Amino acid sequence: MADGGNWCLIESDPGVFTELIADMGVKGTQVEEIWSLDDETLEELKHAVVRSASRLLGHRRSRIFCSAGGAVSRAVLLAFAPIHFILFFSFTDSSHANPSFLSHVDQVITNACATQAILSILLNSSSIDVGEELTKFKSFTAEFPPDVRPIIHRIRATSCIRSTNLLRLAISNSDVIRAVHNSFARSDPFVSEGRDSREDEKEDLFHFISYLPIHGALYELDGLSRGPVNLGPCTDEDWLQKVRPVIQARMAKYASSEIRFNLMALIRNRPEIYEEQLEELDGRLLSLDEGPDADALRARLASERANLDHRLANEREKFRRYKRENALRKHNFIPLIYHLLYAFAKRGELAPLVEEARKKGQRDEERRRERKREMGGKSSGMEM
C-alpha cells in the first residue's frame with residue numbers, strides 16, 4: 001500500500017478510538033464495546049441517546065493477518081442513528097458507481113484502515129460536530145470528482161489490484177490526521193528505514209467496512225472495494241433491522257474458521273447525555289408542587305436521579321481508565337527496561353533468569369506441539 005508518509009500500526013481498542021476521534025477535534029462522541037446484536041442490546045444503545053438532540057451509535061472492526069491464505073481474525077464496529085454506519089470485514093470484486101454525495105475512501109495506506117474507516121463515517125455525517133480541522137478537510141475534498149482513479153496500486157494484504165482516488169491521497173498527505181494516528185504508536189527500540197515487509201505480515205492488521213443509510217438507501221463502504229455498494233432502500237428507522245441480518249450472515253459464514261469477532265459502537269458521549277438528563281431531572285424536581293401525588297413523583301425522580309448519578313460515575317471512571325491506558329500505550333518504557341536488565345546483570349542475576357525463561361519457552365513449545373499432535377489424532381479418528 002502507499003505510505004503517504006509513515007503510518008504506525010495502532011491497537012484496536014475502544015479507548016484508543018475514543019481518544020483518536022477526540023484528538024482530531026471531533027466533539028461529543030465515544031467508542032463503546034458491545035457484545036451482541038440482539039434486540040435488547042440495540043434498544044439499550046438507542047435508549048442511551050434517544051433523549052438527546054444529537055444521537056450517535058457505532059461500528060464493528062475486522063482484523064486480518066496480512067499474509068495471503070493465513071488465518072483470519074476479525075473485529076467489527078457498529079454504528080446507529082443518526083450516524084448511520086456499521087463497519088464490517090468483507091471483500092467485493094465488483095465495480096460500483098460512486099454517488100457524488102458519498103465520500104468513499106479507498107484503503108491504500110498501510111496500518112491506517114481504522115482511521116480511514118472512521119473518516120468515512122465522519123466525512124459522510126451531517127449530525128456530528130467534526131471540529132475545525134476535519135471541517136476544513138471536508139470542504140477541501142467536497143469538490144473532488146466522485147470516481148477519480150488515476151493510479152493503480154497493489155494492495156499487499158489481499159494480493160489484489162485496487163485503484164486509488166483523490167480522497168485517499170488527501171488523507172494520506174494530511175499531516176494533522178497522520179500525526180493524531182501516529183500519536184498512538186507503540187515504543188519500538190529498533191527502527192529500520194528498510195524494514196522487511198514480511199515482518200509486517202506477522203502483525204495483526206484491521207480492516208473495516210462501513211454501512212450507512214443515506215438518501216433513502218443502505219450503502220456499504222469498503223476501502224478495498226472499487227466503490228460504494230447499494231444494498232437497497234431503507235429509512236433511518238428500519239436500517240438496523242435491514243443491516244443486522246447482513247452482519248449475522250457474514251458471521252455465520254466464517255463460524256467454522258479461525259475468525260474472532262468483537263463489536264464496537266461509536267455513540268454520543270455518555271457523560272454528556274447523563275449530565276443533560278440530570279439537569280432535566282433537577283429542573284423537574286424543583287418545579288414539583290406539594291401533595292401526595294407530587295411526593296410519589298418526587299420519590300420516583302429521585303430514584304432515577306440516583307441511577308443516573310451512578311451511571312455518570314461509571315462513565316467518568318471509564319474515561320479516566322482510557323486516559324491512563326492510553327498514556328501507558330504512548331509511554332516509552334524501553335529506558336526503564338534497559339536499566340532493570342542492567343541492574344540484574346550487575347548483580348549477576350540476569351543470566352540465570354534468561355536461562356530460566358529459555359527453558360520455560362521450550363516447555364511451552366513442547367506442550368503446544370503435543371496439543372497439536374493430539375488434535376491431529378482426534379481429527380484423523382473422526383474422519384475414519
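Glycine too: its Cβ is placed from the backbone N, Cα and C atoms.
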Which residue range, 270-297, 298-325, is the one TrEMBL calls coiled coil?
298-325
Beyond the flanks of the compositional bias 'Basic and acidic residues' (356-376) by at least 6 residues, Cβ under 8 Å:
none
How many of the residues that make up the compositional bias 'Basic and acidic residues' (356-376) does DSSP mark as helix, as strand and as coil?
21 helix, 0 strand, 0 coil
